[in-house]
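Below you'll find the structure, written out as structure tokens, and then a few comments.
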């Protein structure tokens, strides 16, 4: 009966395939399908999934960007919903402007609602190349934004009473020292998407969090702030406005609920530290890895969420929980409830409630105390520690400290090589170090030929296979095993893995210590498993005989073979004289005779011959020892020199053989007078040690070597490989497969956004390599069926991928839309940005582009592979004003933007020029102000001062200011100042351009170019916004 886990092709193929399939199939299913939603509407007290879904359908009926009418409707609905929830739960609540009246009653309201129409923020934003219509060299940007956030404070059991957040509550005392937990989502969408997952699900999750914690019996230990912010989609404006709110200094921790995809599972995008992840770790269906968090930290992922503002500007500690796929629907009209699911909603909702409960329930010192960086202006929320985390099958969560992993990594780097060196020393002392041993000599017969061990076979084989996958591994490894079979192949593969893993671990350990990068945890686990597997390969050598004993056995087998061969030949030569039989025996190559095949006999017979034939030596000393039958030499094995003779008889014969050969000397021995005694050349061929090594196969009956591997390998335990594979395989397959699938899903459709196309392919290669790596020590034992099947799969899929069109109705290509108008001249352009190869066919389908020239140029705001293609848009003029034109197209935009710019000087300082610029635009909340010369100082009337948490005012000035009002048709007043010599009237050095944005496309006919695109573009294409405005109108101004 075959051992079911023996190291033979059948068991190896069966178990490796079974384990791979048993792990990969559920991983793929878990990656693609969110966990099932509960069948009941109220899965637990205080949560109603049906209600949440209804709210989602209500707020996603239309596009609702900040600069739209429906955005204001959504805000009113959310305020009404907040009031409805609080009334339904019987909670005592007030608006913040009613706190004084409530305080007279001597009772603190359980909930306070902040309808924030006051907070605004002015800040620096970094650099850009201007706008699409006003491209320039890189200039500094600034922004002024008026917030319309909704904040709901839920008082905790341990919170102070009253309106403790007011500045004059208790002077000189830290109020509500335990801090608050923020749950945040944004209720605006992009102008081309309905925002079901970005961020409608986050909004209704916040409403359910409010419902849960205001339900009787669910009051949190520490206070919770539920924030529904507005204006995230453009530059995270809502979170920036939070910085001006009176509750912000008391927020220690947060959960940001976001959407960067359009469904599926919600992943932990990133987190600040181990302690906040401990709050998430015990959710029912955790999903995420620290690799994603480190990818953000190292700049590999540039997508921004409110998390960036909360952490970098305010110093809060928290988690970014977000949807991440499919990117093809992200920011498009397919981000709607039709393409979302209750399962996705339940996944993010259940995780949010659990995490918030844990964060607000921490009443210790975890999130309070002095900051390690002692940063001014940031909340004092304790000392965070770096963590390592990842999920397993979306069901359990692994979380531990980075310092612990660093210690673990350092131990592996130092201890594991020393342990292997120690094992090697022990094996050497036991004479069982078969690794790196090619031959061995016996001490009993040092003059004998060295016996081949074959210990180097397989050492150089694995290194060349690092960069190829299953079939290539199998094909070359199996071929190498066929040509030069080696029982040490598995051990050397483990050794190579250990060496390469150790080198990688050096880099991983350095990153852990220097950069606090935890993403290398996979390599720490991998090297640990490789070390244990390698240790098994070394320890199993203890089952082998000593090399000297093996060599001695081979020598004895060699001697016995010669004498038993002589006896067999003697029995088969009845027609010859005894002298002839003796000569035949001597010619067969006994230890006492020369190799006739290599040196012919002399014609003159030496003493002790009969009729010119040699007399056979005595074999009595060996005749009683059973010997194996001679084995055929294996192809590829070299033939060694003969063992030197040691008997006096040999010396005599050697002397006689020194006679010079003549033309009568036979080719194969004997003499010229009686050469008929020879039968065949084969009977006189002298066998070498290399060939006779195979005769040692039966020196022990407890094991047979596999096929043509070294004869001593039969002693190796045939089951050891199975435990090595269990160490190397399952856990690494889980880590590599689920992490690779998750990250590939997150980035494989980002090429159309301008990201590098090489990144997804590199990621696929890297994780595929990690996925196959555990199989490499054993792959040469896999039968041909699996590799050949995978080769066929590769050929078929490669052919399909090369022939098939890359996009479809379910996985659409995203083109970026924008329309640009010079309101003074009426110039009108419609532009699409993307990969030119796909953008041109999209434009070709548009009726308004028919017969018009399409010009393409490199896009300054996207990647190097992205182009912007434009054509005359006069056939599709937008209706930008608030006046009802009775369906007629708007043909005059001159008065839609009004700019008044007047010059002034500071008293007593003629070297500084100042200007007051008033801007009014019809039917919009957003205009940008771009200067020809950067301004050295800038203020917005009625605005707050500069918020230095987002950066100091740049020394080289600001060239572009983004202006946002919370109301339509409101005038901006900007005071600008330039340093330098006085300028005269008529100089244009300090002039500029106003660019205003229109983003409301809910009413058909408002932006006909977009309506046309949604109707006529191919089914494989989607249209999304390029920048803040779907339509940008510009107007130049001069300072007078």
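The backbone N, Cα and C atoms fix where each Cβ goes, and this holds for glycine too.
Note that the structure is predicted; figures quoted are calculated from it, not measured.
Membrane topology of residue 2 relative to residue 836, as recorded in Swiss-Prot: opposite sides. Checking the candidates 129, 671 against Swiss-Prot, the annotation N-linked glycosylation site falls on 129. From the candidate list 198, 273, 294, 373, the residue Swiss-Prot records in the Zn(2+) 2 site shared with 233, 331 is 198.
Taking Swiss-Prot as the reference, the stretch among 716-736, 737-757, 821-841, 842-862 described by the feature transmembrane segment is residues 716-736. Feature annotation (Swiss-Prot): of 786-806, 870-890, 891-911, 912-932, the stretch labelled transmembrane segment is 786-806. Between the listed ranges 633-653, 675-695, 759-779, Swiss-Prot ties the annotation transmembrane segment to 759-779.
In Swiss-Prot, the feature transmembrane segment is placed on 406-426, out of the ranges 385-405, 406-426, 553-573, 574-594. Within 10 Å of the C-beta atom of residue 232 (active site, proton acceptor) sit 27 other C-beta atoms, taking all shown protein chains into account. Residue 232 (active site, proton acceptor) falls within a helix when secondary structure is assigned with DSSP. Here the transmembrane segment (491-511) touches the transmembrane segment (759-779). Their Cβ atoms form 3 or more pairs under 8 Å, with each pair 6 or more residues apart.
Looking at which of 522-542, 716-736, 759-779 has the most CB pairs under 8 Å to the transmembrane segment (10-30), the answer is the stretch 716-736.
In summary, the transmembrane segment (759-779) does not lie against the transmembrane segment (786-806): fewer than three C-beta pairs, each 6 or more positions apart in sequence, are under 8 Å.
This prediction places the mean pLDDT of the topological domain 'Cytoplasmic' (780-785) at 88. Residues of the same chain lying 6 or more positions beyond the ends of the topological domain 'Cytoplasmic' (1-9) and with a Cβ under 8 Å from any Cβ of it are 15, 490, 706, 718-722, 778, 781-783.
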